[in-house]
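S.K.: Features from TrEMBL:
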DOMAIN    48-153  domain 'DUF3048'
DOMAIN    228-303  domain 'DUF3048'
SIGNAL    1-24  signal peptide
């Protein structure tokens, strides 16, 4: 894994971002199934609630126009899948739930170790390649799928399908959110002013622009959501996965993103960027983001976007 920097765009990005871009919403609310007994370690907003992760489709502009629930997520991961495309893995605590989340798509090998740092949680996905199913069954998570919980999915689980997170947490109470290693607090000294930035995978792009105290997000050049407080650019190794998908009528080699290890990263908050180091030697532990002096890099209070790129 080299900490190779992706292309930076300091100004004039053709993101088409607007202040009220699609998918924006209030990062607040209370849902059933919530167990509150500590501060919220996911975004530092309110108390911790039971935890739900959802795999969200992000392929084609038509699907992106249907997306719901990304603005309300505590943490959103942008992840490469086969063909150089991207999908989202969104993590919610029960106190920040939208009415619906989706379109829901299938799980990938990357999701299992990535979510392990959160402790036991519910994972909603539409299905998985047959070879991955035993690994999902062994993982410390509650699988929520159309096959096992058809009532939790719209359209009888047929694509595009959405989930009601309140219903999932009522049926499958998980445990209160556990810290994935984030720390929150005032911005440290230093940093470099950065108004906008974009990253590319082979067949996908994501960009952010800072305005009015938060970041608006664009996906493949189209406005997606706004209100993100911290953006983490985590440089990782993306390697061939263990499985090949034939569902599209041809062989697609799935890829695997390594989120256990260490490497370079950047953290964007308050219109600035800091160079940091990420470290996660144990898959059961959270990811530490540290400044050059070894101190933890504090995130801004509010939703976090994690961009996983080489």
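Placed from the backbone N, Cα and C atoms, the Cβ positions cover glycine too.
Please treat TrEMBL annotations as automatic predictions, because they have not gone through curation.
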S.K.: Please average pLDDT over the domain 'DUF3048' (228-303) for the predicted structure.
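M.R.: Here the mean pLDDT over the domain 'DUF3048' (228-303) amounts to 93.
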S.K.: According to DSSP, how is the domain 'DUF3048' (48-153) divided among helix, strand and coil residues?
M.R.: 27 helix, 34 strand, 45 coil
